[in-house]
Amino acid sequence: MSVINCEEVKRDEFHTEKYYDSYNIFGAHIVTEDEMRGVRFTVWAPHAKAMSVVGDFNEWDYEQHKMLQVTEEGIWSLFIPHIEEKEIYKYAIETTAGDVIFKADPYAVYAEVRPNTASVVFDIKGYEWNDKNWSRKKKKKSVYKEAMTVYELHFGSWKKKEDGTLYSYREMAEELIPYVVEHQFTHIEIMPLVEHPYDRSWGYQGTGYYAATSRFGTPHDLMYFVDECHKYGIGVILDWVPGHFCKDAHGLYLFDGTPTYEYKDKDVQENPVWGTVNFDLGKREVRNFLISNALFWMRYFHIDGFRVDAVANMLYWNKEGQEQSNEHAVSFLRELNEAVFAEDEDFLMTAEDSTAWPLVTAPTYEGGLGFNYKWNMGWMNDVLKYMECAPEYRKYIHEKMTFSLLYAYSENFILPLSHDEVVHGKKSLLNKMPGDYWDKFAQLRLLYGYFFTHPGKKLLFMGGEFGQFDEWKDLEDLDWNLHDFEMHRYMHDYFKELIALYKRSKPLWQLDHSPEGFQWIDANNNEQSIFSFIRQGDKQEDALVVVCNFTKATYENYKVGVPDFEYYNEVLNSDAEQYGGSGQVNKKRLKAIQEPFHNQAAHVEITIPPFGVSILRPVKTRKGSKKQDGSKTKVRSNVTSRGKR
């Protein structure tokens, strides 16, 4: 990291212009000045009357190391010789009211372990990365036409040691990575790792945006974890919260005694539901702080994506009784995405947005927000409401399972079965399923079958892969002892087979963002709650037929229209005995009957399993293997900064 002397920086560059390297100026940097080694401290506090650096080195006496104000807009700086790495410090700020408050450094790259709140001098340089092969491979692929399976996890509660203590970043590399590789997830998505004071905020209420939380080790330890993920072909996505922050006294809130990082207007400053305050996204210094932060994580931690939290809260002012768009936030998000994709055109920028805001994943030059993925919250809500309904009443809400296909290609979507749906009394995915013990497992297998065959990339929260019975308990680890029970082992085996089938089946991901990748066979059988559809790849023979039965009834010799192939194999049946099912499976090879049905050229007669999904693959084409018009399917993408698609 090249440290810039703030006295040489034109004030306009930080206060009025785009300045995305602000971490090179601000914070605590180990430097040599006038042949003396020490630390230069620089901070922005526009309304402070006076500033000091305090720590053990001066017995926390704010009279000793007074900072100099170097711009009228409130940049303060001081070089202190003979201070070394690991020194703890804070800023003592004299407010306009005459009070002295003590604040952690907004740009600190390391902090004390909670409950302590001081910043720590740390030289973030020096980690030797070994992920060039990962970077080369990533550039050769188009994420839009690849399989994507994301394992969402909370670092502190995935697994704990026997004595209840937390695994470190390095220890988690040894524990987590083999597990992720075994399950063939392509990415992990980690709930926020920025420094935060309260464990139960899960990291979403941060105080140190540049500091990887010290709960699990040093910044270099986290770099090692990411490096190891890349070594084994796993991408790393971080939850990132640029919309709001916590009100703890040592953090960003009222940083110099006045609203500094937050809006001044109380009507839009406060988030009463979360007890947080909103970043003032119309302020250039705040934008530079946040966009520099995004690039900092990309450059120094080599992460592969952000899941941007609470975008809906950013897009609209939270004034009671009003729904007015926040143009500051809209402009900020576009600027953020342009900066990110200029840095790395293969990066993942995912919006967690529950609104109907248009063009979230369209490039900014087309009027979009510039993300390249968006969580499909509508799909998640509809599907889970449908699954929680008693099977005999599902026919009355049939449209909840078909509505998503009306808008599935309006954005680049990720289908999230996330942490938000298995906490706060919402029950685990398994326990959402109605019926008896067997029914619950059968329906969860069915849900996963539908999940992996529906258009869109995939995200699953930890524990879902083996059927966690209890909802997520953030102060405990997962119920790993459930592997001692047969039905959970069956579920785990099924999930691994399903994700393996997904990854090796191009029709399930190659045209995720093109309408040509999906065709209903029968979307209207509400009486039996059976859905059938085709997933299609680039080539005609790359096709799968999917049949889902959302009741407990079994149907024999059930006619399903299919494309004109000669034979079909059943490549997966969720009711197979090896997955804990009743064994209502189909013989391996099914001959297609050359009589039209369901607007298809042929049909097969199959057994429809109870609460089951059957996936069929064509064995042999009757004529050719190319699309009739010889064209190549176009897939929607977002390359915000490149001026092309």
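Each Cβ is built from the backbone N, Cα and C atoms, and glycine gets one as well.
Annotation source Swiss-Prot lists active site, nucleophile at Asp309, citing sequence analysis. If you look up Swiss-Prot, you'll see Glu352 marked as active site, proton donor. Per Swiss-Prot, region 'Disordered' is recorded for 619-645. Taken from Swiss-Prot, the feature compositional bias 'Polar residues' covers 636-645.
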Quiz item: Can you count the other CB atoms that lie within 10 A of the CB of Glu352 (active site, proton donor)?
Solution: 20
Practice problem: Please report how many Å separate the Cα atom of the residue listed as 'active site, proton donor' from that of Asp309 (active site, nucleophile), as a whole number. | Solution: 5
Practice problem: Kindly assign Glu352 (active site, proton donor) to one of the three DSSP-derived states: helix, strand or coil. | Solution: coil
